[in-house]
Amino acid sequence: MTVATGDPVDEAAALPGHPQDTYDPEADHECCERVVINISGLRFETQLKTLAQFPETLLGDPKKRMRYFDPLRNEYFFDRNRPSFDAILYYYQSGGRLRRPVNVPLDIFSEEIRFYELGEEAMEMFREDEGYIKEEERPLPENEFQRQVWLLFEYPESSGPARIIAIVSVMVILISIVSFCLETLPIFRDENEDMHGGGVTFHTYSNSTIGYQQSTSFTDPFFIVETLCIIWFSFEFLVRFFACPSKAGFFTNIMNIIDIVAIIPYFITLGTELAEKPEDAQQGQQAMSLAILRVIRLVRVFRIFKLSRHSKGLQILGQTLKASMRELGLLIFFLFIGVILFSSAVYFAEADERDSQFPSIPDAFWWAVVSMTTVGYGDMVPTTIGGKIVGSLCAIAGVLTIALPVPVIVSNFNYFYHRETEGEEQAQYLQVTSCPKIPSSPDLKKSRSASTISKSDYMEIQEGVNNSNEDFREENLKTANCTLANTNYVNITKMLTDV
């Protein structure tokens, strides 16, 4: 710290909340001390009263900032990010306004906020300004056994056995999906019509409907595979339910709802097959029951969403869609307006054409959707000049409509992607920390005679020597890997010896 005033004054008088005195804004002679802060070679100069506005922060508390004092140069030295300090100093000058410089990444600026100890309120304000979405708190069960089981099934990265369970779960999901797809192949189906009885599989086809009706055989390999998969899904679901910290919140989780949807169709199908009577085929009820079963069995395909529990990519996609619901709603609304307008326009443009492919406005909805989304399926095309002009305008309007909300959705995706990878990057790159070494008393006397520091600074250093040696010794033991080459603190003893 460099004192620019002629007479040193007690810095304690300029700090609000100090046990000896209080800060008086009317006393200008007590607030004219100026300090120099060196940020990796870039010097900033400000007044003590500016820093004293936030006494709980690193720069506002004399005890906290004294460890970074360089008595030889009479300044404070911080080996930190230089562009970020412009915003940090402005935070003090403006009385609490925090704005991130455009050339500073989000994660770096967040680390600077934590380093200078601006507080949780400043961090929350910064996150709100940057559009951060507050992460939901995930409580753990209080019971130790339930906590271990919950971590085992809910957090695959928590341990080796948890990873093994996650791998097994993924394999079972994939087997279930593959089985669901393979059982529809003609090679695995009996296409004899009106065969029923003894649990034999049968299928019915018609000219208007392409499909199959299947009666489950308990010896069928696909049924056995399906049963084994359901056993695992049910076991996994029940274990999660009994180990979860909140039973009520368990059923509000979208992932648990997907688990229920993946399990229920099997038991409904099994119950229907067991309750089916042979005379139902003659009563005309079998067709309806099989149609319902076909819809229920279709729900099995949603098991693929169970993979999102073990895939960060799918989780990021889901979070992006959830955060972009407003933009997606606007997109659908714009498309709806465009479909109505261009369907009506192309219908009236083609009304006089004898071979018109647009017999009504609702029939033109499909063409408008395909054109606005730039798919261009080609099953319905306008033939008149007016219809082609409407089609051209429809395609151009579709491109503009879809392009408007895309940047917002991409921005949300980038945010969630960087937030997911931030933890991994922090684990790989350790932040350089400072070694809090307190100089000895003789060195302090020499440094005080060799350089100009304020009375309050000297008192803080002397107090640290007398009262904090043990605390800093313990901290040094914890940070034994910290060397002089990577420290923010200046070794005063070595500097005076060199001089």
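Heads up, the Cβ atoms here are built off N, Cα and C, so glycines get one too.
Relative to the membrane, SER246 and LYS388 are listed by Swiss-Prot as lying on separate sides. Residue annotated by Swiss-Prot as phosphoserine (from the set SER158, SER215, SER440): SER440. When SER206, SER217, SER308, SER449 are looked up in Swiss-Prot, the one carrying the note phosphoserine is SER449; the rest have no such note there, which does not rule it out for them. For the annotation N-linked glycosylation site, the record in Swiss-Prot points to ASN207 among the listed residues ASN207, ASN466.
Each residue in the topological domain 'Cytoplasmic' (244-254) gets a DSSP state, and the totals come to 5 helix, 0 strand, 6 coil. In terms of DSSP secondary structure, the topological domain 'Cytoplasmic' (311-325) contains 13 helix, 0 strand, 2 coil.
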